[in-house]
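Below: the structure, in structure tokens.
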Amino acid sequence: MEEKCISNSRRCYKQWFGFMVLIMSSCVSYVDAVWPMPQMISSSMARYTLNPREFLFQYSSGSSVQSGCSVLDSAFKRYFPLIFTDYSAARPRQHDEWFRFPFTVVVHVDRAECEDYPDADSSESYKLSVRSGQAALRAETVWGALRGLESFSQLVYQDDFGEYFVNETEIEDFPRFQFRGILLDTSRHYLPLHAILKTLDAMSYNKFNVFHWHIVDDPSFPYQSSTFPDLSSKGAFHPSTHVYTQIDVKRVIAHARLRGIRVLAEFDSPGHTQSWGKGQPGLLTPCYKGTVPSGTFGPVNPANFSSYQFMSRLFKEVTSVFPDSYIHLGGDEVDFTCWKSNPDVRGFMLKMGFGTDYTKLESYYMENMVNITKGLNKTAIVWQDVFDYHEKIPVDTVLHIWKGSPGQIQQELSSITLAGYRVILAAPWYINHINYGQDWKTYYTIQPLNFTGTEQQKKLVIGGEVCMWGEYVDATNLSPRLWPRASAAAERLWSDERMTSSVIDAYPRLVDFRCRLLRRGIQAEPLFVGHCRHEYQGI
């Protein structure tokens, strides 16, 4: 963190749901607020020196979790070098080692969930108190403890001589929204495993908690299915180098779990499935030119019973591989042209009484897909098109808003929540779109609940998501395009909107946080002219 110094002046800010910092007459160091801003934080000018040789993490005697908890034991090892970035023997001290005056981070967790996965209802609240010689971190769950450890790590800073300090601080914190996601598209460009894992690391620094893995699409099918191996062997860019094996997927899920991040898999259909057809003959709809097949194919054929048999078997596997209780079914951007050209599909439409309304055909397909996943004890998330086409889906289905002008988005939020559905907002945060200048300000000032509706309707907005679609993104530019622009959305989704509405106040904090990301090995692009004390040192 960059050193801050103010001479011959005194400033005092104190706010509940805010941040307090005291700077007295002489030049002193202080620490900026944590990013994203906690719900309640107060910090004084009293600071304590930290010595990496006399520092340890330990569980409180009354904590429900103790040594042996995989989530927190690994977090202690992970955060030690993140806190003491210049310390060569970067390992956490053990609780049985003797020190004269050790600084101890004492962690107390109310509920033992060490071997579980985070879920949609997991509590991430925590309380952190930093006093002389000790930081007391209390959380209901290990997931909240992870968020508290991240906040503590950001409170630690260095002076020009390399000494480590932490200020006396009190934090009470919890997320504003339960769903705070990042979408990565691994079909349009294959992302190597290390790029995904590094993104998960950066997500944890920003307190994102859902990795939405848009794993397959039209261009390629990199998911290596054990039930249908031809899907990747014929549908991936390369059958061995550009695939995610079952071991790769498990590694991503395990890496995410240890950081309190859910992995939400998306297998989008009936559109966006061109790569599927290469390894599953008969799945896609043959397109016709007049009365003759054209040799091209459209979306999944909804008129064939075999399509649903295939989907049942595939999703039985997918839901066993991905442990999250939610699955994303897609359902967006279905081009009806091929369906309209196919005589078998037209005959099915007539049989079902759909007339010439092909939105009813898509509805029929998506209703079947939702029922398949419901039978597998999974809750479906679908893109907003499914709602817009008036499809009959269970009320526990989650709708995902991805398109529209600001006014249209507000209307969509009103309509979906009025119908009683939960909703995730992604449309304002398509950050694969780039503009010259500081477009992070646009993402920062989004107001997710700025729509006409009752308080009960607004409670149905469960969160938001930053989307990084892959037409022009691969491992070479993923991180700098994502960070710190996604960090703006991270604060909007975690923090109190009333206390984080000013981009002027946010700018210096985000600059500091971007420098912290660089020091942690994340290639975060600059916000504007300037420098970091520790510039990016390479991969």
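Yeah, the Cβs are placed from backbone N, Cα and C, and that goes for glycine too.
The disulfide bond recorded by TrEMBL for Cys69 joins it to Cys114 [selected from Cys12, Cys114]. Nearest by CA distance to Cys69 (disulfide bond), out of the recorded positions Glu333, Cys338, Cys515, Cys532, is Cys515. Its Cβ taken as reference, Cys338 (disulfide bond) is surrounded by 20 other Cβ atoms within 10 Å in the chains shown. Among the disulfide-bonded residues Cys338, Cys515, Cys532, the residue whose Cα lies closest in space to that of Cys114 (disulfide bond) is Cys515. If you measure from the Cα atom of Cys532 (disulfide bond) to that of Glu333 (active site, proton donor), you get 43 Å. Taking only the Cα positions, the spacing between Cys515 (disulfide bond) and Cys338 (disulfide bond) is 51 angstrom. For the pair formed by Cys287 (disulfide bond) and Glu333 (active site, proton donor), distance between Cα atoms is given as 17 Å, rounded to the nearest Å.
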